[in-house]
Amino acid sequence: MDVTRLLLATLLVFLCFFTVYSHLPPEEKLRDDRSLRSNSSVNLLDFPSVSIVALNKKSKQISRKEAEKKRSSKKEASMKKVAQPRTPLSAPCVATRDSCKPPAPACCDPCASCQCRFFRSACSCRVLSLNC
(Lines of atoms letter the chains of each structure in order from A and count residues from 1; the text may use other names and numbers.)
(Lines give C-alpha, C1' and ligand atoms only; values in the text may rest on other atoms or scores of the structure.)
Protein backbone atom coordinates (compact mmCIF):
# COMPACT_ATOMS: atom_id res chain seq x y z
CA MET A 1 0.00 0.00 0.00
CA ASP A 2 2.83 2.40 0.82
CA VAL A 3 4.61 1.62 -2.45
CA THR A 4 1.54 2.47 -4.52
CA ARG A 5 1.11 5.75 -2.66
CA LEU A 6 4.77 6.57 -3.28
CA LEU A 7 4.42 5.81 -7.00
CA LEU A 8 1.24 7.88 -7.26
CA ALA A 9 2.90 10.79 -5.45
CA THR A 10 5.91 10.74 -7.80
CA LEU A 11 3.61 10.45 -10.81
CA LEU A 12 1.65 13.46 -9.57
CA VAL A 13 4.86 15.46 -9.07
CA PHE A 14 6.07 14.64 -12.59
CA LEU A 15 2.71 15.58 -14.09
CA CYS A 16 2.79 18.92 -12.30
CA PHE A 17 6.37 19.47 -13.44
CA PHE A 18 5.56 18.73 -17.09
CA THR A 19 2.40 20.85 -17.14
CA VAL A 20 4.25 23.84 -15.72
CA TYR A 21 7.20 23.59 -18.08
CA SER A 22 5.10 22.81 -21.14
CA HIS A 23 3.42 26.23 -20.85
CA LEU A 24 6.69 28.18 -20.58
CA PRO A 25 8.13 29.57 -23.84
CA PRO A 26 11.24 27.82 -25.10
CA GLU A 27 14.49 29.62 -24.45
CA GLU A 28 16.49 30.79 -27.43
CA LYS A 29 20.00 29.39 -27.52
CA LEU A 30 22.59 31.83 -28.85
CA ARG A 31 25.37 29.90 -30.55
CA ASP A 32 27.78 32.67 -31.47
CA ASP A 33 28.37 36.42 -31.27
CA ARG A 34 26.78 37.10 -34.68
CA SER A 35 23.36 35.89 -33.57
CA LEU A 36 23.73 37.89 -30.36
CA ARG A 37 24.45 41.06 -32.33
CA SER A 38 21.59 40.50 -34.75
CA ASN A 39 19.12 39.92 -31.91
CA SER A 40 20.19 42.91 -29.83
CA SER A 41 20.46 45.54 -32.58
CA VAL A 42 17.36 47.39 -33.74
CA ASN A 43 16.57 46.97 -37.40
CA LEU A 44 15.83 50.42 -38.80
CA LEU A 45 13.90 49.05 -41.77
CA ASP A 46 11.14 47.83 -39.45
CA PHE A 47 10.03 51.38 -38.60
CA PRO A 48 7.97 53.47 -41.05
CA SER A 49 9.61 56.51 -42.56
CA VAL A 50 8.85 59.96 -41.14
CA SER A 51 8.28 62.89 -43.45
CA ILE A 52 8.79 66.44 -42.19
CA VAL A 53 6.68 69.11 -43.85
CA ALA A 54 7.30 72.82 -43.38
CA LEU A 55 4.27 75.02 -42.77
CA ASN A 56 3.76 77.95 -45.08
CA LYS A 57 2.59 81.39 -43.90
CA LYS A 58 -1.06 80.81 -44.83
CA SER A 59 -1.37 77.67 -42.73
CA LYS A 60 0.25 79.45 -39.78
CA GLN A 61 -2.22 82.34 -40.06
CA ILE A 62 -5.18 79.99 -40.33
CA SER A 63 -4.09 78.09 -37.25
CA ARG A 64 -3.66 81.37 -35.34
CA LYS A 65 -7.13 82.49 -36.39
CA GLU A 66 -8.61 79.16 -35.33
CA ALA A 67 -6.86 79.42 -31.97
CA GLU A 68 -8.25 82.93 -31.44
CA LYS A 69 -11.76 81.72 -32.31
CA LYS A 70 -11.46 78.90 -29.81
CA ARG A 71 -10.26 81.28 -27.12
CA SER A 72 -13.10 83.71 -27.76
CA SER A 73 -15.69 80.92 -27.72
CA LYS A 74 -14.30 79.66 -24.39
CA LYS A 75 -14.50 83.17 -22.94
CA GLU A 76 -18.10 83.53 -24.12
CA ALA A 77 -19.02 80.17 -22.62
CA SER A 78 -17.46 81.12 -19.28
CA MET A 79 -19.31 84.46 -19.33
CA LYS A 80 -22.60 82.64 -19.90
CA LYS A 81 -21.95 80.34 -16.94
CA VAL A 82 -21.22 83.26 -14.62
CA ALA A 83 -24.34 85.16 -15.68
CA GLN A 84 -26.74 82.41 -14.49
CA PRO A 85 -28.69 83.57 -11.42
CA ARG A 86 -28.66 81.39 -8.32
CA THR A 87 -31.77 80.45 -6.43
CA PRO A 88 -32.26 82.25 -3.11
CA LEU A 89 -31.13 80.35 -0.03
CA SER A 90 -33.75 79.03 2.31
CA ALA A 91 -33.28 79.65 6.02
CA PRO A 92 -33.37 76.08 7.42
CA CYS A 93 -30.57 74.41 5.45
CA VAL A 94 -27.30 72.54 5.95
CA ALA A 95 -23.98 74.09 4.90
CA THR A 96 -21.59 72.29 2.57
CA ARG A 97 -19.47 69.60 4.29
CA ASP A 98 -21.79 69.55 7.34
CA SER A 99 -23.80 66.58 8.54
CA CYS A 100 -27.13 66.07 6.75
CA LYS A 101 -28.67 62.88 8.12
CA PRO A 102 -32.12 62.20 6.56
CA PRO A 103 -34.25 64.03 9.17
CA ALA A 104 -32.10 67.18 8.57
CA PRO A 105 -33.20 69.84 6.03
CA ALA A 106 -31.78 70.10 2.51
CA CYS A 107 -28.34 71.46 1.63
CA CYS A 108 -27.95 75.26 1.29
CA ASP A 109 -25.93 75.10 -1.94
CA PRO A 110 -28.22 74.28 -4.90
CA CYS A 111 -25.39 72.33 -6.55
CA ALA A 112 -24.79 70.19 -3.45
CA SER A 113 -26.50 66.98 -2.48
CA CYS A 114 -26.54 64.82 0.62
CA GLN A 115 -24.20 61.82 0.35
CA CYS A 116 -24.31 59.05 2.92
CA ARG A 117 -21.68 56.41 3.67
CA PHE A 118 -21.39 53.41 5.96
CA PHE A 119 -25.06 52.39 5.78
CA ARG A 120 -26.32 56.00 6.21
CA SER A 121 -24.39 56.52 9.44
CA ALA A 122 -22.15 59.34 8.10
CA CYS A 123 -23.88 61.83 5.78
CA SER A 124 -22.58 65.17 4.51
CA CYS A 125 -23.51 67.80 1.90
CA ARG A 126 -21.14 67.64 -1.07
CA VAL A 127 -20.92 69.47 -4.39
CA LEU A 128 -20.94 66.84 -7.13
CA SER A 129 -20.63 68.83 -10.37
CA LEU A 130 -18.21 71.73 -10.73
CA ASN A 131 -20.08 73.19 -13.72
CA CYS A 132 -23.25 73.92 -11.78
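Every residue gets a Cβ built from N, Cα and C, even glycine.
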(request) Look at the disulfide annotations in Swiss-Prot and name the partner of C132 from this list: C111, C114, C116, C123. (result) C111
(request) From the candidates C93, C100, C123, select the one that Swiss-Prot records as forming a disulfide bond with C108. (result) C93
(request) May I have the DSSP-based helix, strand and coil counts for the residues of the domain 'Agouti' (93-132)? (result) 0 helix, 15 strand, 25 coil
(request) Tally every other Cβ atom lying within 10 Å of the Cβ atom of C111 (disulfide bond). (result) 14
